[in-house]
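Participant: Take this structure first; my questions come after.
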Ligand code: BTN
């Protein structure tokens, strides 16, 4: 995405080693007049940025607003490529839809779309993902991996492990991964992952990985139909979370896990996944379009399928099913 002068101004001040940058230098770097620099600074102050301005030395950025927006997320974002191209919207139908559109238009690998609110958030199997308010993280990442489409399901699994890694940095909460794409805390869902792709038989053109995390919802903010089975990080930890900081860490951890996945292969992810698997070794109900049966979860295979042991002691590989208990 093209950076605005305002974004560039924030970047320059944020990255300044010496702290202060003179109005003259800013005007030269940005190729705008000194009056325009001064106007931008005043606008930024209104948005909650704080500056120290010293005659003859210039401006120094002291702090940013805690708001979640494109520039606050990008400020100090410690990734190499993921989210460096960032689209932030207050309200969208679904970040997945925007991601598909941008990917078709040629958006670079790592382009990330984040919204405060989604009017029609989508989950797997075209279910609704409730995300009408700015109390969660609703984001979609465009990836252009050089891999065969048959590995795509592994991406969902490794995304889940990277979210687990991120949360472990903030709180000691028992996060479990329910195959294939849900994250649970204390038997309630708080995060879903939606992996979609555009592919030829042997080639992925692009993937869109959507992550939805319930962050600051109170129990009553969930619609009644899902209230009993849904939770948020705030409910589980009894404190409100800073969404900006969480988004930045999610991007860093995803980028790191992705790098390891590309170099070491799926084995890197598999152990982590298994260590955090929900209902591992327990009896569940496997619901498939043509059959339903009871089985015990044994783990996952190298191609991301779920391994279950049936009651007649057979091991079955499940590629697509709903798991209930
Ligand atoms: C699921 O649980 O079935 C997956 C839920 C995925 C929700 C995220 S929120 C960001 C992105 N935009 C969407 O419309 N869906 C995904």
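Placed from the backbone N, Cα and C atoms, the Cβ positions cover glycine too.
Just so you know, TrEMBL annotations are computer predictions that nobody has curated.
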Participant: Out of 3-22, 23-42, which range is noted as DNA-binding region by TrEMBL?
Facilitator: 23-42
Participant: Other than its close neighbours in sequence, what residues sit by the DNA-binding region (23-42), given a CB gap under 8 Å and a spacing of at least six beyond its ends?
Facilitator: 5-6, 8-9, 12-13, 51, 53, 58-59
Participant: Compute all pairwise C-alpha distances among 118, 122, 123, 124, 189, the residues listed as binding biotin, and give the largest one in whole angstrom.
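Facilitator: Roughly 19 Å, rounded to the nearest whole number.
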Participant: Taking only same-chain residues 6+ apart in sequence, whose CB is under 8 Å from that of residue 123 (biotin binding site), what do you get?
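Facilitator: Residues satisfying the criterion: 129, 192, 194, 212.
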Participant: Go through 122, 124, 189, our binding-site residues, and report the one whose Cβ sees the most other Cβ atoms within 10 Å.
Facilitator: 122
Participant: So, in DSSP terms, is residue 124 (biotin binding site) helix, strand, or coil?
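Facilitator: Reduced to three states, the DSSP call for residue 124 (biotin binding site) is helix.
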Participant: Sequence gap of 6 or more, Cβ distance under 8 Å: name the residues on the same chain that satisfy this around residue 118 (biotin binding site), in order along the sequence.
Facilitator: 91, 92, 93, 94, 95, 129, 131, 132, 138
Participant: In the DNA-binding region (23-42), how many residues does DSSP put in helix, strand and coil?
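Facilitator: Counts, helix then strand then coil: 17 helix, 0 strand, 3 coil.
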